[in-house]
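Enquirer: Take this structure first; my questions come after.
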Amino acid sequence: MDSIPNEDDLEKLLVAEQNVPYGKNYESFEDEENYLLELRNANALENLEHRSIPNDLFHSSQPVGSPTRNGDDIPSTLDLYSSDNAAIDTDISEDETINQRHAPQTDYRYPNTSANPKMGLEESMDIDMPSIDLDISNAAAFPRDSNLLFRNYNSHTKTSEKGSPVNFEKENQDSNVLFSTGRTSVLHIDAEQSQTNNTVTPLKDDALSLFSFENDVNGAVNDNSLDQKLSASKNSQRVSLPFFSKIELDEGSSFSGPKISARTSSGKIIYFPKKKNRHSDGLLLQPKRLADEISQVNEIGKDFNQDLLNSVRIWSENFLIVSKEKSVALKTEKLDSLQITNCTTKPQSQKLWVDTYRPQLFRDLLGDERVHRAAMHWIKAWDPCVFGKSRLQPSKSMRFNPRFTNITSDSDRPDKRIMMLTGLAGAGKTTLAHVIAHQAGYKVLEINASDDRTAHTVHEKVSSAISNHSALSSQPTCVIVDEIDGGDPAFVRALLSLLESDEKATEYSQAGNSKKKKKFKKLCRPIICICNDLYTPALRPLRPYAQIIYFRPPPQASLVGRLRTICRNENIAVDSRSLTLLTDIYNSDIRSCINSLQLLSLNNKRIDSETIKLLQPKSNSFSTSSLIQSLFLQLDNKQIRAIEASQPTYSHLDALLARIDGANDSESVLMNCFHTYLDLPFTDSLLSKPALTSEWLYFFDQLHSQCYKGNYELWRYIPYSIIHFHYLYATPEKCRLPHPPRSDLEALKLYRTRKEILDSFISTLNAYENQMHGERSILLELIRTILITINPTLKQKEDSMPRSALPSKIEHAINILNHYNLRFQQLPVGDGNYVYRLEPPLDELVWDAPTSSYSVRQMLSQELLKKRLADIKKQTLTDNPTSSNSSRKRKDFNSGKAIKRDFFGRIISEPKSEAVTSNNAALNTGDHPVSIKHAINIKFHDGFSNAVRKPISLNEILNF
């Protein structure tokens, strides 16, 4: 730990991590590797061809359990290489090799094993294979002391391979007579035994004869009982299709040709005959040539060779393929019928428990009932507007409950047009919104995080849903916007424009101005927004229009009871202590708890606390304090040996590095170590250890800066800059660590929160105040003065005074609140108590901020609301004159007499009567002469005309 990496070492690490192992020569490396592999295989095959298989294989020092032997001391396919005939018999003629090349092709009905020469038929098909019994008639020609030589059939080379001979004279002296004169004996080839032991066992008298040959008068073969006996077989077993051995029968007790001796591990000598050229016999026979081939066998008598069993193999395979196709077709029909009948139903095991046990009624909700009733009361306040019902009068308990008095309104809608549910994830906010919407009679339109939440979505979907009535459904629509705090800010701004349009439409409708009311849309349907963080900057402009309901997680006892009910319905044995541990792991997240129980129930119907502990995430399996204690604790040799006894590959350094790497925030771990190591006892008079620590901290900062620049491959070196605390300051005794100060992290969080509050307050000021004060002046001077003014201290007599005789300090506080757009919002604090909180909370920006009592803030809130309503009405009257004034102006304007003009605009003079002339003269003799103004209407018509035109200016028209 004395050598500390510098900047040069950091650059070397970065270059080493960014270099590709092969570089540009990757293809050459790959070609060279393939060449070496081919060369090695060629050398291995060459060595195999030049050795003597029987001598090298059976007279070797390999044990019986070696992979080059099987269980019966007989060479396996791995030893003999069934596809390589040259390794078995080296004296095969050249003509025989040519015959092998021109062997008949494999039938298309059989499995294709030509791609892999070493794969036999038993590895290529998996069907129900019954045992095969052969009834052999007229067996007098076959002596009892004959030798049976098994030859394995190779489908790739279309040839048979030598197997193990069975000497019935020596091996089966005590067994029953296999062939006898004057009766039909049965040769039984069992499927399993033929695959494992390559043995032939005599069949009992009561056994099933699968295939029999009996000579009739004409010398033909009677094979009509094949299908009947195959269908009557009830002893079929599910085994792999074995290779069918072929029997070669030679007269006499010794082989007629040359033979090869082999000695087993037990000392027994086995003789193998040399392979003969039998490729011209035609090993693969077509089914239509079966009868002719069998008749030839009966005529020859003693030449009962391999073609017999090969024919049996072909017949049995054909029959099994047909039977398998029929069974598969029958199963397919059954599955299709089941899918047709159950196409609309979903298996219960495939459904999520979260959907199965989702509350459907209001009484099934889990959590605080007061929060549920407040949300239900808000959505029922829309009934006069949506359903045309009369507004419900609040009960006596609701009249004095601040939770419900803020919701009700004098109009047919609540004061807050949208409701915002806020709380932790998994607490049940979305379920509550759906339940109260369905309970109130609405059809839900949900917009969640997976949808396109843009301004276009608001204008197309939301605006049409909340303004019109759907023609496809008789139910009105309630819009639920889930996770609105994580959406696009443009979506929030578009939703805010709908609320502002509704506010203006409501103002003009109350003022009686129907023309301007048509320009703005009225909000006619409820909107429910769901968020996790209420104080996200994107939700700042939306908070004043929302009825905020704080949703807290349900009590742990209620949550454990609901989980116990679910486990009882699903037949799962679990105790309450385990369920309590599960709720602690997921912080009362009911959705995660139910999903975890369903996951654990897949493998076991009994769940204990040890099983639930496995669900604990790796990052939460240990706290930061336990990690700090492990870093500063030095284990002795006895403890390390005890751990290594149970874990042979254990390394204490690797374990600490893994825990540091598994921590969520490496910066917080390093900061905790930095605040802790100075309080630990260590002897260092020269302060060399703190100097080394500062160097490692500098290296940590360099790594972080490189990672933030995009060099993420250096991230895995960060734990090495923290592990030095263990080498320098670890002690054998477990010291009691003090709580480290978290001033840096707490200050960072508080700075972000309070900066958001200050920005929201400055955004409400006008341009003159922003230019006059500035951000620093507002924070240090203006905010404290405002807080002192809006929190007046009233005496007991002044507090009980009537509203009409308010003191001047109350009036001044109301004016300040109205000028700076401040308000008091009522919030629950638990146990049925409420407080009035200043919005935005400027008191958090000032140390020892002044406060006032609940009654004073309640009075200020009510008087502020009255003042703002009065200002709105006054502004409406000034902007929109009354209908009487407008009608009077229109009447005076139309009282003027029209003047007659000709086509060119010249005035046509009319003779005036004497009475009119005298009256006009009388009016003109007054102090104020009367000037008659003529009405001029100008209208532009777009287009072209060939009529008589005259160039004229607008000034000439006005001065006519």
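The backbone N, Cα and C atoms fix where each Cβ goes, glycine too.
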Enquirer: When you get a sec, could you say which of 56-79, 272-295, 392-415 is annotated region 'Disordered' by Swiss-Prot?
Expert: 56-79
Enquirer: In Swiss-Prot, which of the ranges 91-113, 160-182 has the region 'Disordered' annotation?
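Expert: It is 91-113 that Swiss-Prot annotates as region 'Disordered'.
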Enquirer: If you count other Cβ atoms within 10 Å of each one's Cβ, which of the binding-site residues LEU424, ALA425, ALA427 has the most?
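Expert: For the binding-site residues LEU424, ALA425, ALA427, the Cβ with the most other Cβ atoms within 10 Å is ALA427.
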Enquirer: Which ones in the same chain are close to GLY423 (ATP binding site), with CB under 8 Å and 6+ residues apart in sequence?
Expert: LYS429, ASN532, TYR550, PHE551, ARG552, PRO553
Enquirer: Secondary structure at GLY423 (ATP binding site) (DSSP, helix/strand/coil)?
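Expert: For GLY423 (ATP binding site) - judged by DSSP and reduced to three states - the answer is strand.
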Enquirer: Among all the protein chains here, how many other CB atoms are within 10 A of the CB of GLY426 (ATP binding site)?
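Expert: If we count other Cβ atoms within 10 Å of GLY426 (ATP binding site), we arrive at 18.
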Enquirer: Once the DSSP letters are reduced so that anything not helix or strand counts as coil, what is GLY428 (ATP binding site)?
Expert: coil
Enquirer: Under a criterion of Cβ-Cβ distance under 8 Å and sequence separation of at least 6, what residues of the same chain contact GLY428 (ATP binding site)?
Expert: LEU365, LEU366, GLY367, PHE551, PRO554, ILE590
Enquirer: Cβ within 8 angstroms of the Cβ centroid of GLY423, LEU424, ALA425, GLY426, ALA427, GLY428, LYS429, THR430: which residues besides those meet this for the ATP site?
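Expert: Neighbours within 8 Å of the Cβ centroid, excluding GLY423, LEU424, ALA425, GLY426, ALA427, GLY428, LYS429, THR430: ASN532, PHE551, PRO553, ASP589.
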Enquirer: Tell me, how many other CB atoms lie within 10 A of the CB of LYS429 (ATP binding site), whichever protein chain they belong to?
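Expert: Looking across every protein chain shown, the total is 27.
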Enquirer: To see if you understand the setup: which same-chain residues, six or more apart in sequence, place their Cβ under 8 Å from that of THR430 (ATP binding site)?
Expert: ILE480, ASP482, ILE530
